[in-house]
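*Asks:* Attaching a single structure in structure tokens format; questions to follow.
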Amino acid sequence: MFATTIAAAIGGLVADALGLPLGFLIGAMFAVAALSLMNLPVAVIPNGRQAAQGLIGIGAGLRMTPEVAERLVGLLPVMIGAALSVILCACLISVAIAKLTRLDADTAFFSSLPGGIAEMAVLSERYGGNPGLVSIGQFLRILLVTLAVPQIVIALKNSDLTVAAPVTAAVPVQWLPLVGICLVALPLALGLSRLKVPNAWLLSGIIAGAVLAITEWQRTSVPVTGLEIAQIVVGMSLGARCTRAVFRDGYRTLPANVIGTLTLIGFATLAATLIGTVFHIDIVSLVLALAPGGIAEMSLVSAQVGGDTVLVVAFHLVRVIMVLTLAVLLKRIFTGRLSAS
């Protein structure tokens with residue numbers, strides 16, 4: 001574990017020094033993935049990813065002022081419509097993947113749906129898919145989005161398309177309330193985990209941070225160094241999953257999964273541009289909000305490029321809820337039509 005952590009830290013520092021967006025995460029991910037693909041022993045920090053997600057959630061929740069909360073409530077119809085469009089696009093992509101690769105419709109569907117890796121694998125097993133291949137497809141989606149979307153965001157940031165995201169004044173770190181938030185978030189995360197709530201640690205951090213921010217009892221923030229360490233830990237976790245077995249078992253569907261994910265990223269980017277133009281919302285933030293990636297990774301990119309992190313998190317949470325709510329219904333519609341054809 002120590003050697004893996006050192007390799008991840010070095011990779012993160014090098015990538016950040018090269019100016020890569022989300023450098024600490026991507027550098028750590030590549031460093032650990034290289035070790036894993038060379039069949040060298042790789043061990044991640046026990047519960048490290050969960051703790052990192054909790055810290056990232058706290059950082060996002062602390063931005064939830066009463067004004068921001070009121071704005072998000074007004075944007076709820078937009079969030080639902082945007083999430084539904086991305087989900088339906090993913091469903092159509094799953095039909096294409098099933099036909100191109102002759103993969104069974106259920107596995108193709110749950111591999112393509114932008115939900116959590118664990119949740120989609122469980123649903124796949126319950127409804128007749130191959131949970132192993134679903135996990136591989138979901139992992140490849142997260143991997144590609146983490147690599148591609150930051151580059152798109154930087155390109156948009158340097159263009160004339162963007163509308164400035166709401167600017168919030170920097171808040172100094174106050175250690176006592178920050179420690180208090182962590183102590184509140186920990187038992188909440190453990191409880192939500194026992195209830196099998198998706199993204200329990202991230203969600204607990206968001207809730208704990210948001211309660212403090214909305215009540216305006218104390219103002220604090222997460223140290224930049226803390227978020228950089230969180231990036232490295234999340235990158236380690238992603239890199240450790242990049243094994244030879246992933247590419248060996250998923251070789252038949254790998255090209256289709258890559259093309260499908262890139263298509264979904266392209267659709268989400270176009271949808272974000274359209275929504276941002278119509279509703280005068282920062283397009284950079286919307287690209288991250290609609291991207292079919294992980295909440296933690298996209299919120300980290302948002303914080304790094306000065307996006308509207310609370311908006312990004314809110315859009316992703318709405319999408320996750322909709323995926324889990326509509327997955328079975330959409331499966332019957334799309335896999336049923338595929339079987340009939």
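In case you wondered, yes, glycine gets a Cβ from its N, Cα and C as well.
Because TrEMBL annotations are produced automatically, they should be read as predictions rather than curated entries.
What TrEMBL records for this protein is below:
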type: TRANSMEM; residues: 72-97; note: transmembrane segment
type: TRANSMEM; residues: 139-156; note: transmembrane segment
type: TRANSMEM; residues: 176-193; note: transmembrane segment
type: TRANSMEM; residues: 200-217; note: transmembrane segment
type: TRANSMEM; residues: 259-290; note: transmembrane segment
type: TRANSMEM; residues: 310-330; note: transmembrane segment
*Asks:* Is it the case that the transmembrane segment (72-97) and the transmembrane segment (200-217) touch, counting contact as three or more CB pairs under 8 Å in which the residues of each pair are 6 or more positions apart?
*Replies:* no
*Asks:* Residue list, the transmembrane segment (139-156) vs rest of chain: Cβ under 8 Å, 6 or more residues beyond ends.
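*Replies:* Counting only partners 6 or more residues beyond its ends, the transmembrane segment (139-156) has Cβ contacts under 8 Å with 20-22, 25-26, 29, 112, 114, 117, 162, 238, 241-242, 246, 250, 254, 257-258, 261-262, 264-265, 269, 283-284, 287-288, 291-294, 297-298, 301, 305, 307.
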